[in-house]
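As recorded in Swiss-Prot, the features of this protein are as follows:
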ACT_SITE  Asp212  active site, nucleophile
ACT_SITE  Glu248  active site, proton donor
BINDING   Asn116, Arg173, Asp182, His216  Ca(2+) binding site
BINDING   Arg210, Asn311, Arg349  chloride binding site
DISULFID  Cys46-Cys102  disulfide bond
DISULFID  Cys156-Cys175  disulfide bond
DISULFID  Cys383-Cys389  disulfide bond
DISULFID  Cys455-Cys467  disulfide bond
Amino acid sequence: MLSLIIAACCVTVALAGTFSNPTCAPGRNTIVHLFEWKWTDIAKECERFLGPNGFCGVQISPPNENRLVNNRPWWERYQPVSYKLQTRSGSEDQLRDMISRCNRVNVRIYSDTVINHMTGVGGSGTGTAGSHWNGDTLSYPGVPFSAWDFNTGNECHSSDMNIHDYNNAEEIRNCRLVSLADLKLSKNYVREEITQYMNHLIDLGVAGFRIDAAKHMWPGDLRAMFGTLHDLNSAVFGSGRKPFIFQEVIDMGGEPISASEYTGIGRVTNFIFGVKLGQVFRNENKASNLHNWGEAWGMPNSNDVVVFIDNHDNQRGHGGGGGPLTHFEPRPYKLATAFMLAHPYGFTRLMSSYNFDRSNTDQGPPHNGDNINDVTINADLTCGNGWTCEHRWREIYNMVAFRNIVMGQNLQHWWDNGNYQIAFGRGNKGFIAMNMDNHNLDQTLQTGLPAGTYCDVISGSYDGSSCSGTEIQVGNDGNAHFSISNSSDDPMIAIHVGAKKGQPKVTT
């Protein structure tokens, strides 16, 4: 009996942290959510932009068959019908081609994965691969799942089978999230169908998974399923590599379910991160208070989290809430994103949105009939045809390279004016200064950088020989003078050794 207990403990220890490594190619550290993009457009973006600019990877929208909903809202992608790989984003062949092309340029693919539930209960119809479904009888022959494969009144004790009491952990995990048919993940058959789907994606070459609604699943069920996942495709990643798993756990405090229950499995999404930074960069909390940003603010360990300013849900006022900054407020949004990318806390994810009417938060991606529009690229590298593409804003993609260059370097040389002007360095690799105050910043600061002329990667870029924006001269003593107008569209300056005149341009 004792040997069995010891063996079980060893399995738990072996699993802990196994799925927390983002599996980026060397020198890359940031992923971007290309929300509702087609697979063909993602493949092109990997080759023409993400690879050359040092991005680690792409979070893609759920690739499995989903319910067809009138007017095609974005959230139909989060109502599975089967695990067939056919959606508005494209076919399985197009998905396979995209994954292969992105991996060839060192850009990894992370699949948004919906395994807590199927469609909403009630009604019937077909999915994006033509599979029939019936939410009245809980019949999903495309998997197949039947009524036996869902939680019932034996597991869920709310009056209508829906979640109402967020102070009741059992109800949160055993009942229906907004009337979505809740899978019985304690059942081996259900687990096997889910892991077969995830393993198929691994075999196609994905690097990992975002687990949607992880908070609504028991950690033990997730451990059991993830323990049977394949290693990553050895032709791409080498042998013995595990997929990266990051779990959507909305933990704003005050509820019985905490993110810490899931950090032993993989990473968790840190929603408080974006909410708190939003308060600072809207000038609701002094920027000087960021001097101890991270765990000292009551947030989880840096190695346990994926951090972000906004995501596809909370930019629409859905899950997570808290009024995060979004692309609708570009000035503070760029500042907050630059701070996130310059600071060592967490593994960073960017949001890449499409334009939508804020009075219609259900609005789906730019489309022509049932077809998602192509992503078109303007002369200034921004996107057209209804796509916002925050990841293509210069102030953001240049900071992706900044993060790559300074990775592993300690935060040092912190300076602030006690209010809304701050600056800090990352070892001897990079330095950033920001001014959110109501007056100009005019300071000589210690950067920690080697002497030379650096290109500010906020106001411009470095092409390997010259700067298109501001130049900053660092003296032999490491000091440099910074002048930042409080009325600037981008009141910040960032420099790093990969954008130093007289040396090659480096992004990873």
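Numbers here mean position along the shown chain, with the first residue as 1.
Just so it is clear, glycine is given a Cβ too, placed from its N, Cα and C backbone atoms.
Worth saying up front: this structure is predicted, and the values here are computed from it rather than measured.
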Checklist line | Entries of Cys102, Asn116, Cys156, Cys175, Glu248, Cys455 which, being recorded positions, have CA atoms within 10 angstroms of Asp212 (active site, nucleophile) | finding: Asn116, Glu248
Notebook entry, point to check: By the DSSP assignment reduced to helix, strand and coil, which category contains Cys156 (disulfide bond)?
Noted result: coil
Margin query: Considering Cα atoms only, can you say which of Cys46, Arg210, Glu248, Arg349 is the nearest neighbour of Cys156 (disulfide bond) among these recorded positions?
Written below: Glu248
Check: For Cys102 (disulfide bond) and His216 (Ca(2+) binding site), what Cα-Cα distance in Å is obtained after rounding to a whole number?
Finding: 32
Notebook entry, point to check: Hey, does DSSP put Arg349 (chloride binding site) in a helix, a strand, or just coil?
Noted result: strand
Next item on the list: With Arg173 (Ca(2+) binding site) as the reference Cα, tell me which of the recorded positions Arg349, Cys383, Cys467 is the closest one.
Entry: Arg349
Item checked: Alpha-carbon spacing, Glu248 (active site, proton donor) to Arg210 (chloride binding site), which is rounded to whole Å -> 7
Notebook entry, point to check: Which three-state DSSP class does Cys102 (disulfide bond) fall into?
Noted result: helix
Margin query: Please give me the CB contact count at 10 A for Arg210 (chloride binding site), counting all chains in the structure.
Written below: 26
Notebook entry, point to check: Looking at the recorded positions Cys175, Arg210, Asn311, Cys467, which has the shortest Cα distance to His216 (Ca(2+) binding site)?
Noted result: Cys175
Note to self: Give me the sequence-ordered set of same-chain residues, not including Asn116, Arg173, Asp182, His216, with a C-beta within 8 angstroms of the centroid of the Ca(2+) site's C-beta atoms.
What the structure shows: His117, Asn151, Ile172, Asn174, Cys175, Arg176, Leu177, Leu183, Leu185, Ala213, Met217
Notebook entry, point to check: Which of the recorded positions Cys46, Asn116, Asp182, Arg210, Cys455 has its Cα nearest to the Cα of Cys383 (disulfide bond)?
Noted result: Cys46
Item checked: Using Cα positions only, nearest of the recorded positions to Arg349 (chloride binding site) (Cys46, Asn116, Cys455) -> Cys46
